[in-house]
Amino acid sequence: KLHSDLDKGVGTVKYTLSGDGAGTVFTIDETTGDIHAIRSLDREEKPFYTLRAQAVDVDTKKPLEPESEFIIKVQDINDNEPKFLDGPYVASVPEMSPVGAYVLQVKATDADDPTYGNSARVVYSILQGQPYFSIDPKTGVIRTALPNMDREVKEQYQVLIQAKDMGGQLGGLAGTTTVNITLTDVNDNPPRFPKSIFHLKVPESSHVGSAIGRIRAVDPDFGKNAEIEYNIVPGDGGNLFDITTDEYTQEGVIKLKKPLDFETKKAYTFKVEASNLHLDHRFHSVGPFKDTATVKINVLDMDEPPVFSKSMYTMEVYEDTPVGTIIGAVTAQDLDAGSSSVRYFIDWKNDVDSYFTIDATEGTIATNELLDRESTAQYNFSIIASKVSNPLLTSKVNVIINVLDVNEFPPEISVPYETSVCENAKPGQVIQTITAADKDLSPAGQRFSFKLSSEASNKPNFTVHDYRNNTAGIETRRNGYSRRQQELYFLPVVIEDSSYPVQSSTNTLTIRVCRCDSDGTIQSCNVEAIFLPVGLSTGALIAILLCIVILLVIVVLYVALRRQKKKDTLMTSKEDIRDNVIHYDDEGGGEEDTQAFDIGALRNPKVIEDNKIRRDIKPDTLRFPRHRPPAEDNTDIRDFINQRLKENDVDPSAPPYDSLATYAYEGNGSVAESLSSIDSLTTEADQDYDYLSDWGPRFKILADMFGEEESYNPDKVT
């Protein structure tokens, strides 16, 4: 209620209200100032309201007093029960845990005012789940209440928890939640076989490594605590079997390690032990965590294929053995109780198998064709044996036949030898060491022997010394040899092998007598030593040499003809001297052109002609050369010309005819003056060309040519 001191109760004062909830939650009587709540209040929604009130004049609407502020506080009552905001709960605890083992802590929340009364004081209790678990009434911690709770007996527990306010007193509000508790597994149980003896029946035809049966031990634990390891206890029959664990079913899988045979043993008995892999030391006192059972295996008789006495057969036969010769046999038996007969046949795969046949009843193998070791040294094929009572039951075995060598080739000298002996050789001197080779397959320990043939053993020239290690030495027996008396010696050497039958061959060694120095070093031999195989005669060698000589003669004649043909083409006529002129295609400026070249280099300082006569045309009159005083000798030019003249005289490639060469420089003071026809006299007078004969052999043809023309010229002027 609001009241102003200025209010006289005559209705001149009006009260107004503003602030939180004014008009919606609270209202005021304008005349009396009474404040009323117009709806229910919830402290948990809004614990207090701040309002402002004022008294104003009804007529003037002006405030009579300043605005005043006041707070309306909502007083709490116990209208909210405790709530588990995180429920329902899920928890776990290991089985066999001791009393008081911690499981979980729960918490309930009460929305009432904890500062006012006991409305928010919560107390916890268990409504369902006793006597297995307990809860602390103040903290809400849940713990185990019974010892040795076994997961294998009961695994899941559902506990109902209550939280009550007002300190748990009568009239308080309560809330509940559910806690689902699971006992986790520990390895507290050993594996146990459900029975002490397991019986298995196994066919004798079971393959090695195959599974022949399963046994299982039961472990009530879970997960890795239930993993079991199986082992065969050493004893009767245990070495034929093995056992492993199936990781999905935890069963013991028995496998076969060795083949079974009903005819040998019909039953086996052994023990199998099952134990846990992961042990918990807290439960060792309970006892050993393993169990043992007996396994009895009965072998079942099966109709089996025949069994060969060997896993592989190896036989030997000599080459060229007659067709039909028995070289060996295979044997197979039916080990079943019925003991059926066995039939044999060759597993035909290729044409090689046709070289042999087999007796279907006895199993003997014989040759079907002639064998050649040099063609095929080994044969490999398969023999199949089948039961007469059940031909579908077959077995196979490999047969290897080695073809043995028959001594059919004689030994021979391994390589051709070039043997020589010095003229000054001494008796007993080894001049050659020889070895032998045999085309046959030489067995270990085979040896070759060397000796002279019977006709050569009586001659005192050479002998053969067998070293007994498949080599032999050729030794001299004379004190010196003479090439003039005999240049070649032919030594027949007989070589024998040690196989049966003994094969031998005679090989001829050619020994050449050579001239040597005092140290035995060969200085000259006309023909190198050769080794003559048996059957090559001296006449054949002479014929070969004659053929070689004829070929050489043909080649020499061919080369000579080609050179003669070339010579004829270069010099076609001795009469036409213009063919011998070398054309340079370069026209000079004449005698007066001293800048182009100097022809004085060709002048002969020994001869002087008064008149320069042309050499390239026939002269009209004979003009004698004029003698001029010898000019100053040019030594350099003379030496140069003489050197070039000597080089051409000894040059084998120079043409055998005269030629005219033009030199670019002519020496001064030459008595022969120029050979050029440029400044020759043009008179019709004849000249005497006999001086050309004095110029040497290179001008001989030119001198003969002009001499002949002079003798036949009827108009010659003397």
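Using N, Cα and C of the backbone, Cβ positions are placed for all residues, glycine too.
According to TrEMBL, the feature domain 'Cadherin' maps to 4-84, 85-193, 194-308, 309-413, 413-531. The transmembrane segment annotation in TrEMBL covers 530-561.
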Practice item. On the DSSP side of things, how many residues of the domain 'Cadherin' (194-308) fall into helix, strand and coil, could you say? Key: 13 helix, 54 strand, 48 coil
Review point. Tally of helix, strand and coil residues over the domain 'Cadherin' (4-84) according to DSSP?
Key: 0 helix, 32 strand, 49 coil
Check your understanding: Could you give the number of helix, strand and coil residues in the domain 'Cadherin' (85-193) as assigned by DSSP?
Key -> 3 helix, 45 strand, 61 coil
